Amino acid sequence: MSAADPNPAAGAALDSHADPGRAAVASAYQRFEPRAYLRNNYAPPRGDLSSPDGVGPWKLRCLAQTFATGEVSGRTLIDIGSGPTIYQLLSACTHFEDITMTDFLEANRQELGLWLREEPGAFDWSTYSQHVCLIEGKGELWQEKERQLRARVKRVLHIDVHQPQPLGAGSLAPLPADALVSAFCLEAVSPDLASFQRALDHITTLLRPGGHLLLIGALEESWYLAGEARLVVVPMCKEEVMDALVRSGYEVRDLRTYAMPACLQTGVDDVKGIFFAWAQKKVGV
């Protein structure tokens, strides 16, 4: 993930005979360091939530406002390519009782497990939980928010978005899901736009007709760092995101963009901005 947060490898896997571009992505992600990624993007300055103009508050606001409409709700939700982060589900957990988190990398799934089990050494997301409670304005305690999320995450599974069945055959996740969330995943594990489109098509099969996708990603980014790993990202513009969603059979309900300010361009990537998309899968797709 990058500042924009490209998600660490949810689906970079391929065998040696697969497309060489995707195979190179898979190889690079074996050097991905979850804690380095978290330091780069969730510690100050990017992890500073005190300014409403910051990248963190913007992402949390987009999610909170969309869930506040009441239209994105149901029983089951799948987070596509969770990476080592949980912030993307803090507003979602009020609206879904069965949440599946996913990632390609075992290291990221282990990092999630530390937080979910409240183990020593887990990353501290309390600042994010407090901020979400503040912007949702319901008077909820951040400890209760975290307790609810932990209770509603029922499983953490392997995923490969480049496979037609991203969760594999006989998945433990209830399918099709009522909603999908994906933050900084597809563009970060796709070597080109065509690969991004196929990955979007693949995850769309996990979603019921009429269900909702909340997609967050990087704009005009080509690389990011996570420890020793330098990961390639497919540069995308707003229009390409819109076109890809339409091609995969979605009605785009909302599409917002954020320009990364100079003070948050810290040398850990070359991201220019972020997009947030709310899309609804058309019936019959």
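Yeah, the Cβs are placed from backbone N, Cα and C, and that goes for glycine too.
Please treat TrEMBL annotations as automatic predictions, because they have not gone through curation.
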Segment assigned the feature region 'Disordered' in TrEMBL (from 1-20, 21-40, 201-220): 1-20
Neighbour-count leader, CB within 10 A, binding-site residues: Y87, N108: N108
Sparsest-packed of the listed binding-site residues (G81, V161) - C-beta count within 10 angstroms: V161
Cβ atoms near Y37 (S-adenosyl-L-methionine binding site) (within 10 Å, other residues, all chains): 28
